[in-house]
Every structure is written in structure tokens, then in C-alpha cells.
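Now, the feature entries from Swiss-Prot:
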- 2-181: domain 'KARI N-terminal Rossmann' (DOMAIN)
- Y25, G26, S27, Q28, R48, S52, D82, E83, R84, Q85, G133: NADP(+) binding site (BINDING)
- H107: active site (ACT_SITE)
- 182-327: domain 'KARI C-terminal knotted' (DOMAIN)
- D190, E194: Mg(2+) 1 binding site (BINDING)
- D190, E226, E230: Mg(2+) 2 binding site (BINDING)
- S251: substrate binding site (BINDING)
Amino acid sequence: MVKMYYEADVKQEVLRGKTIAIIGYGSQGHAQAQNLRDSGYKVVVGLRPGKSWDVAAKDGFEVLTVAEATKRADVVQILMPDERQAQVYRDEIAPNLKSGAALCFSHGFNIHYAQIVPPADVDVIMAAPKSPGHLVRRVYQEGFGVPGLIAIYQDATGNAKDLALAYSSGIGCTKAGVIETSFREETETDLFGEQAVLCGGASELVKAGFDTLVEAGYAPEIAYFECLHELKLIVDLMYEGGLARMRYSISDTAEYGDYSTGRRIITDETRKEMKKVLAEIQDGTFARNWILENQANRPGFTSRRRLESEHGIEVVGEQLRGMMSWINKDTKKEEVKIGQ
């Protein structure tokens with residue numbers, strides 16, 4: 001069984017009086033910075049000039065260059081996109097990192113795949129909320145917290161675990177519960193979930209269902225509702241109570257179709273391919289390909305993004321979502337928060 005930690009396990013004094021630098025002010029950056037400040041910790045934000053600088057300043061933070069924020073900080077939480085972290089670390093963080101400080105991450109990609117190699121005299125920890133930033137912030141403001149993960153990669157001071165727990169408490173996670181993991185486990189399972197299920201798997205399944213109905217002569221609008229729009233209804237039920245809650249809530253006809261058809265779609269061959277995907281994550285193949293793609297200025301990524309945006313489901317979806325005022329309102333409200 002995994003080890004769970006809660007508020008009673010936290011030694012907040014290990015973080016009191018320290019300066020925390022949040023590097024990046026996107027989805028997680030804005031939420032973690034504000035939660036930590038509201039928990040009574042001293043927070044500065046390290047950024048390069050741009051939109052996020054103005055947003056962080058408007059939110060009342062002292063905004064510094066990444067180099068200056070690192071010089072000032074006892075804890076440096078790197079919350080920039082994975083593909084930008086290594087260069088920013090080499091150019092601006094590493095030369096200014098204090099001995100005995102802590103490097104903190106919310107995803108282990110750059111540590112696990114050695115794109116960031118920290119010096120031996122700093123702690124390297126993870127504090128990873130298992131929710132998007134806007135939810136991390138909203139739930140904290142309601143007096144609660146979202147679940148999270150902690151991991152220790154390097155314990156130079158002997159206080160790394162206590163520091164990870166105190167940081168997690170500062171952003172609200174120990175109110176819900178924090179699971180101890182490793183940088184390897186978090187990185188590999190996170191990438192697999194994204195690729196095989198949440199993003200790659202789900203998007204291809206949705207498109208395949210949409211295409212099947214449209215090619216059979218059904219209206220694209222109806223296909224969109226059946227294969228994409230209603231997915232949220234099902235996922236929300238799973239989120240609230242697992243597969244059992246979902247199956248309890250749907251009709252018996254839908255439940256019978258689940259049992260009789262599901263394994264015809266996700267076949268043994270699909271499961272074998274999932275194992276190949278996991279192996280490519282474990283042996284570094286995916287990481288190498290993604291790093292090289294970025295070094296080449298993302299030609300394949302950019303091309304695929306354009307092609308996907310032209311798929312029929314996007315065309316009809318844009319029209320139908322225009323009828324849904326609540327979606328447009330919610331999207332606009334979070335637009336600033338999720339931009340990097």
C-alpha cells in the first residue's frame with residue numbers, strides 16, 4: 001500500500017521564514033503562488049518579460065527575472081513547460097542556485113530523463129497537485145485541498161521530505177491527502193496515462209466513433225453529440241464514483257452495451273500496443289523523440305496540430321459549442337490562467 005500523509009504529518013516550521021520562488025505563472029504557477037502566499041509564506045515569482053509578468057504583478061506579487069528570483073530563494077519551484085525547463089535551468093537557475101536550497105517540481109520529466117542535473121548540495125523534491133491549476137486554487141479558497149503527490153530525488157539537507165510535505169500543505173494538498181511516490185513512477189505513469197488513455201487514447205477513440213457515424217450517413221452534428229459532447233457526462237460519473245458509479249447511473253441498455261462491446265473495441269492487440277507505449281516511455285524513446293522534436297523547432301508537432309485542427313469533428317464542434325453559452329463563459333474565464 002502507498003503511504004498517505006495529511007496535515008498532522010506536516011512540520012510547517014521547515015518552510016517558515018524561507019523565500020519560495022515560483023518559476024512560471026501559468027496554470028499551476030498562479031495557483032501554487034497564491035495558495036502559498038495565503039498560507040503565510042513569502043513568495044516571489046520568477047519570469048521572463050511577457051504577458052505572465054504583467055498578470056503576476058497585477059496579482060500583487062514581486063516579479064523578478066528568473067536569475068534574481070533564484071538568488072533570493074530558498075525553494076525554487078520550476079513550473080514552466082517541460083520543454084523549456086532545461087534551458088532556463090542551465091542559463092538562469094543553475095548559476096544562481098544557493099547551496100542548501102531546494103529545487104522543486106510538479107512533474108518529474110526533466111529530472112528523470114536527466115535534462116536537469118542538479119548539484120549534490122541541494123534538495124530535489126516533488127510536490128504535485130493532481131488537479132489543474134484553477135481547481136487547485138478554487139478548492140483552496142473554499143477551505144479544502146486537492147490530492148497530491150510528493151517525491152524525493154535528492155536529500156542533501158536531511159529535511160527534503162519534511163520540506164515537500166510543508167510545501168504540499170502550503171498549496172492545500174495535505175488537507176485531502178498526499179501520496180509518496182518517486183520521480184520515476186510519477187513521470188512514467190503520467191506520460192502513459194496521457195498518451196494511452198486521457199489524451200491520445202481518448203481523442204482517437206472519439207474521432208473514430210465520429211468518423212464511423214458520419215461515413216455511415218449520419219449527421220455530423222448528431223455524431224458530435226454522441227461521441228464527444230456526452231463524454232463529459234460519463235467521465236464526470238467515473239470521476240465521482242469510479243466505473244461502478246457510472247454503470248449504476250446509466251441505463252441497463254447502455255450498461256449491457258458496455259459489457260458486450262467494450263472488449264471488441266479495446267482488444268488484446270490494443271493492450272499489447274499499450275505495453276509497447278509504456279516500454280517506449282520506460283526506455284526513454286518517447287523522451288528522446290520529444291526532446292529532438294523541440295530542438296528541430298517542432299516540425300512534426302506543428303504539422304500534426306494543424307491537421308488535427310482541420311478534422312471534421314472540430315468544424316462541427318465549433319458551430320455547436322457556439323450554442324453553449326456556459327462553455328464559452330467558462331473558457332474565457334480561465335484563458336489568462338492557463339496561458340504560459
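One-based numbering along the chain as shown.
Cβ coordinates come from backbone N, Cα and C, glycine included.
According to DSSP, Y25 (NADP(+) binding site) is assigned to coil rather than to any helix or strand.
In this structure, the CA atom of H107 (active site) is 8 Å away from the CA atom of D190 (Mg(2+) 1 binding site). Residue pair E230 (Mg(2+) 2 binding site) / E194 (Mg(2+) 1 binding site) shows a Cα separation of 20 Å.
When the binding-site residues D190, E194, E226, S251 are screened for a C-alpha within 10 angstroms of the C-alpha of D82 (NADP(+) binding site), no residue qualifies. For R48 (NADP(+) binding site), the Cβ neighbour count at a 10 Å cut-off comes to 14, with all displayed protein chains included. Looking only at other Cβ atoms within 10 Å, the busiest spot among the binding-site residues S27, S251 turns out to be S27. Each residue contributes its Cα atom, and for R48 (NADP(+) binding site) and E194 (Mg(2+) 1 binding site) these two points are 28 Å apart. The average pLDDT computed for the domain 'KARI N-terminal Rossmann' (2-181) is 98. Taking the C-alpha positions, the distance from E194 (Mg(2+) 1 binding site) to G133 (NADP(+) binding site) comes to 17 Å. In the domain 'KARI C-terminal knotted' (182-327), helix, strand and coil residues by DSSP number 125 helix, 0 strand, 21 coil. Taking Cα separation as the measure, D190 (Mg(2+) 1 binding site) is nearest to Y25 of the binding-site residues Y25, E226, S251. If you draw a 10 Å sphere around the CB of Y25 (NADP(+) binding site), it holds 32 other CB atoms from the protein chains shown. Counting in whole angstrom, E226 (Mg(2+) 2 binding site) lies 15 from the residue listed as 'substrate binding site' by their C-alpha atoms. All protein chains included, D190 (Mg(2+) 1 binding site) registers 18 other Cβ atoms within 10 Å of its own Cβ.
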